[in-house]
């Protein structure tokens, strides 16, 4: 319950207590008849009491005040406990919700890596790292083809594979489709450490296919 809700409840209770009927021992005097002989009207009402006011005031008012004070004290103590408890529950819910998602995500990533086809992959290298005997500080983005070509197999490829397994084609080796470049990047020109000019042609893949 918020603070304003408690204040509203307290106001309603105070209004209810103030609307209680007068306690026993208090009564209203009836209005006296008009005195025509004196030519003026006396005071119409008067309040009389058999006892003092503080002793006859309803006990319910004290109960209402006690309830209001207890509610305010309880409300002051509760926010800190709720603030400490809610984050724990929220963290537990988030952890429980994240675990299945993480496991499903890992499963999907594993399936994509296992069943992916022939794709183009890039890596940042130095020309010297290519192992062609060049000593240079020149760098490049080397792209290569990788992946499986099983999904690209035609009926012809399947028949050849079956015949090879059954040893019907023992005299010949049957080649399988592999992931290869079908187009290459532009030529790469560079100077080595001895200021010798070199050109690399068809050095990096541009598009890949199963051939």
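The backbone N, Cα and C atoms fix where each Cβ goes, and this holds for glycine too.
Between the stretches 38-75, 76-113, Swiss-Prot puts its region 'Disordered' entry on 76-113. Spatially, by CA atoms, the recorded positions 118, 149, 162, 208, 210 include one closest to residue 126 (N-linked glycosylation site), and that is 208. On the backbone, the CA of residue 162 (N-linked glycosylation site) and the CA of residue 149 (disulfide bond) stand 17 Å apart. Listed in sequence order, 117, 118, 149, 152, 177, 178, 179, 180 are the same-chain residues at least 6 apart in sequence whose CB falls under 8 Å from the CB of residue 210 (disulfide bond). Other C-beta atoms found within 10 angstroms of the C-beta of residue 126 (N-linked glycosylation site) number 13, with every protein chain shown included.
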